[in-house]
Amino acid sequence: MSVAGEQNQRGGINFARLLMSFGPLLFLAALIVVFTVLKPSFMDPINLFNITRQISITGLIALGMTFVILTAGIDLSVGSLLAFCGMVAAVVAKGGTANTLSLSTSGTQGYGWFAALLAAVVVGAAAGGVQGLAITRLKVPPFVVTLGGLTVFRGLTLTISNGGPISGFDASMRWFGTGLIGPVPVPAIIFAMAAILCHIVLRYTRYGRAVYAVGGNAEAARLSGLRVDRILVSVYVIVGFFAGLAAFVLSARLNSSEAVAGIGYELTVISAVVIGGTSLFGGIGSVGGTVVGAALIGVLQNGLQFNNVSSYTQSIVIGLILILAVAFDRWLKSRVRR
Amino acid sequence: MPAAEAASPEPILLSVEGVTKHFSGVTALSDVSLDIRPGEILGLLGENGAGKSTLLKILSGVMPPSSGRITFDGTDYQPASPQDAKRLGIVTIYQELSLIPTLTVAENIFIGRAPTGPLGLVSWRRMEEDSLAIIARVGLTIDPMTPVSALSVAEQQLVEIARALSLKSRLIIMDEPTSALTETEVQRLLSIMDRLRKDKVAIMFVTHRLEEAAAICDRMTVLRDGRLAGHLDRDNGPIELPAIIEKMVGRAASELYARPVQRAVAGDIRLSVRGLRTVRDPEAPHAIVLDGVDIDLKAGEILGVAGLVGSGRTELARAIFGADRIAAGTITLDGKPIAPASPADAIALGIGLVPEDRKHQAIFAALGILPNFSIASLGHFSNGFGFMAERRERDALAGFRKMLSIRMASAEQAIEGLSGGNQQKVILARWLARDPKVLIVDEPTRGVDVGAKTEVHQILVQLAARGIAVMMISSELPEVLAVSDRIVTMRRGRITGQMQGVEANEEKLMELMALDRQDAKGQAR
């Protein structure tokens, strides 16, 4: 093939890539337009910030899930792990499992928000690490290990909380869930900072290169000298860390850690990553896509609520949109490739 | 040898007349003719690239010929698909067996046509009984309700043959059936082939193994460079091995492979392997094991390792590279003993491997050229904080692009968009970026088009000239002859001979690669 021919082809591929990365974004824009036409107050800044607050919890976990799915793995345990980490944070924040509904914290002997945050992310990362080791050492597929984890972490949560919530945190902790910086909700800022960090790690570091390589072709990665098992364990540590961070923010927002928190989150999170264009087969995807995917789901939920669509119908619509969004993405790619 | 009675005047079963096949301008098969009668075993022989697989694909209905005529049982034979070929009575048994491992032997035999009872439900009892009778024809006495995954490769092969017989196949084509078998299993297969011959089944036996072919075949057809090199017949006495070899390699030194001038090489011994053995992996009990391999590799030389599929050549590379476990033996690098437990260890010691299966073992298809290039040198191309030094990385790639004349559009281009030759150059650049002491290349020009082959050869010669110790594994003899300073041959996990590149010729190598002559030329030192 002549160099000129290749250049042409390259032009085509770049155009395709451009459209591919904008596919989900176009879909998101279309949704926003539709909702705005239906109800102009959808574009109200208060509502928009509301949306960012809503998506930040699952969004944080989706950032970690992006790493996992890039290696062709999956983590189904994140919802349960979130509940578990939230409970751990609550116990640390309150110095016990006593359920003081009084919002005054003067009488309790907790360890403060920082210890609670630290406990949540450390426990989350450690739990992820254990699952990663089970995947790499025991050679059990990620789907199975984390399916087990889904049950185990829920059970642990119920055990330490005795089934009930632990509520009532001090104002400094609640700020992380309900506070504002200017007009922007704190959870949204945490999400944005985490997203930028993840983008940098995946795009600009050798670790990021290794994650893509392991997902793209694990055998070639091994024969290129990568310690594949270590990288696989690390992505489960990362998603665990983010489950812990999300748990902290959620508990702070609700002023309560619920034993039933996060049920079904794994599906929302995986949907966000997949809608964002990350391939379940590994090696292809980006943080930017995941952010768009999370936003798409958030906008959809909020917009439907805004238009008084019942939550039953919402589930139906969101499920269909998930399939449609991915189908649209596929269609776009196949069209542009030709 | 049971052969002569096949002389009874059976009518011709399959006749191939002047078959030619072009692929986008390349002629893979040119004017090939052969025929086969019922109760006859025809050997189809030829080196890699001789056109055997193309002919097989045509006969098994994978693709039609570009021109020529094939008749089967007196009528025109134009199968539309492999299923169609099977229905017409020609079954091909490939190296990669096509049984479904999770199903039982009986289910595999009756797949898609299970015997049913009065209610239309599967009659397991009849299936079991019928299967038992079917596998008995190939001398198998296993329980037909055993899952196929529990069988050895040899047994699976026999099940495939049995299934073919139960489909009333009249011609069974076997593609390299013995390459994964042990000696006893080979003997059993040959005796079953003999039995089928007496049942008037026609067999086409495609193989590299000359002795086996000579032992069992009534006649042989030899292909070379896509053309008919000749027919050999047993009517005039047994077929002699040298006659086969001569037909297989008989070309004058190919124009494609110009021999490089003998270089003044031979630095110090860089890599030395002594008594290397590997163990049988319980998960792959039929893989080749190394059986005491000794090899020396000097700085600045290209050592050609010639061996057929299943000779242990790839296993040798993987063992040195730390990819497979070593059971016994020593490896020394620059005089120091090394024991790489993983590729990462071997790479850190200065060893590189360009693996045999580029698609599955080397490239990251969806990723760009840049990450494909730098993946083995991430430490080198990043700063102390783990950030990629992309400027340095791009400059290095640009350098290799020029040096190896890699034809690519940009560093971002996905590597799967490159031709095989350019992909291979990127993989070579991946290792050159590390400036390795030892570079092992396994089938470096597989899937590389003809023009780029020569380029890859020149690159290997240049690397050796820079002092890298290059070990080149190949089953293409002209390639081995063209670039090797020294050559060792392998067969069944052992070194069967060694010689200087200038002394070698195809006949000598083919003999050492394909024949059982335990201590042919002594162990290589």
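Cβ from N, Cα, C; glycine included.
Automatic, uncurated: that is what TrEMBL annotation is.
Positions annotated as transmembrane segment by TrEMBL: A:15-38, A:59-91, A:111-130, A:142-160, A:180-202, A:231-253, A:259-275, A:280-300, A:312-332.
With a threshold of 8 Å between CB atoms, the same-chain residues lying at least 6 positions outside the transmembrane segment (A:231-253) that come near it are 53, 56-58, 60-61, 63-65, 67-68, 70-71, 73, 75, 78, 81-86, 89-90, 93, 113, 116-117, 120-129, 131-133, 135-136, 142, 169, 173-178, 187, 190, 194, 207, 210-211, 214, 221, 261-262.
The stretch in closest packing with the transmembrane segment (A:142-160), judged by the count of Cβ pairs under 8 Å and taken from A:59-91, A:111-130, A:259-275, A:280-300, A:312-332, is A:59-91.
Take the transmembrane segment (A:280-300) and the stretches A:59-91, A:111-130, A:180-202, A:312-332: counting Cβ pairs under 8 Å, A:59-91 has the most. Residues 19-20, 23-24, 27, 271, 274-275, 277, 296-297, 300-301, 304-305 of the same chain sit 6 or more residues outside the transmembrane segment (A:312-332) yet have a Cβ under 8 Å from a Cβ within it. Within its own chain, the transmembrane segment (A:259-275) is flanked in space by residues 24, 57-59, 61-62, 65-66, 69, 74-83, 86-87, 150, 157-158, 161, 163-165, 247, 250-251, 285, 289-290, 292-294, 296-297, 318, 322, 325-326, which lie at least six positions past its ends and keep a Cβ under 8 Å from the stretch.
Through the fold, the transmembrane segment (A:59-91) approaches residues 97, 116-117, 119-121, 123-124, 127-128, 131, 135, 142-143, 146-154, 156-157, 160-161, 166-167, 169, 190-191, 194-195, 198, 202, 211-212, 214-215, 218, 231-232, 235-236, 238-251, 256-266, 269-270, 272-274, 276, 278-287, 289-291, 293-295, 298 of its own chain, all at least 6 residues removed from its boundaries and within a Cβ separation under 8 Å.
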